[in-house]
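This report concerns only the one structure given below.
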Amino acid sequence: MFNKIGIFGKYSGIQSWDLIDKLILYFQKKKKTVILDQRSCADFPIERYGIERLERDALMKEIDFAVVVGGDGTFLDVARCIVDYNIPILGVNLGRLGFLADVSPDTMMVTLDEVLADDYTCEERTLLHVLIKKDGETLFDEVAFNDVVLHKNDSPRMIEFETFVDNRFLNSQRSDGLIIATPTGSTAYSLSAGGPIVDPGLNAMTLVSINPHTMSNRPVVVSGDSEILIRPHDNCSGTASIICDGQLTFQIEAKHETYVTRHPNFIKMVHPKNHDHYELLRAKLNWGQKL
């Protein structure tokens, strides 16, 4: 049973305030403690509810259940912060149907009734741990839920780099970049670049090239226990970046080495009891409809 609820909103998004208001009143009626996230709900008028608003690190130490109001981007941001705290997380989608924030405002209250009655499913999802090093010194240490992307910057030129899997040379390529995706991220940027859809329960990572120079360069699926190393060539200096979930960016140079492994912890995603990932795929991708 959950007793301390953390609510996260969309940055500067007053469009989420109506739902946050409903959530606060709902949980207070259920005699639950409600705390808002300072980073995403800084302007929300908490005074009328008599509740706290805490900085994210402090908030994570206080709550046992997280509700994210927004879209998949908002969910990704919170998921990266919550992964070390073993806190279940539920996403309420404000706009279009989401792969991560998959509860609609119309069914939100029914879903929460089920959750508080312990009638729900909880699914563990993997994340990626990213280290960028130069001469043994760590320059960038972050987490990604969907994907880690090596991408050229504004230059029209391709970038060149080598990829290794568990210290074994995989390939050298010229392309616009490389996507390393979790099973969750296989339906994001990776999918639009021609990558496979991977069941979210699999322990795997996919490597998908972005506009490769040679058509023989195909997506590769490797074990989730593998270590991926990206070693850029000289022409990458100042012309390419590593991007986590489309939100965290680090510009790389020729001597930078990027290591990607599975994060040791998991995200615990809360779903309604009748949640069906394949039904969600059909709805998002228009499968089974007449063309």
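Even glycines carry a Cβ here, placed using N, Cα and C.
Note that this is a predicted model, so its numbers are computed, not measured.
Here is what Swiss-Prot says about this protein:
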ACT_SITE  Asp72  active site, proton acceptor
BINDING   Asp72, Gly73, Asn146, Asp147, Arg157, Arg174, Asp176, Thr187, Ala188, Tyr189, Ser190, Leu191, Ser192, Gln247  NAD(+) binding site
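Close to Ala188 (NAD(+) binding site) in the fold, though at least 6 residues off in sequence, lie Phe99, Asn146, Asp147, Ala181, each with a CB less than 8 Å from its CB. In the three-state DSSP assignment, the secondary structure recorded for Asp176 (NAD(+) binding site) is coil.
Spread of the NAD(+) binding residues is 31 Å (greatest Cα-Cα distance among Asp72, Gly73, Asn146, Asp147, Arg157, Arg174, Asp176, Thr187, Ala188, Tyr189, Ser190, Leu191, Ser192, Gln247). All protein chains considered, the CB of Asn146 (NAD(+) binding site) has 30 other CB atoms within 10 Å. Long-range Cβ proximity for Arg157 (NAD(+) binding site), meaning a same-chain Cβ under 8 A and a gap of 6 or more residues, is found for Asn235, Thr239. Summary: among the binding-site residues (Ser190, Ser192), the fewest other C-beta atoms within 10 A of the C-beta are counted at Ser192. Neighbours of Asp72 (active site, proton acceptor), defined as other CB atoms within 10 A of its CB across all chains, total 25.
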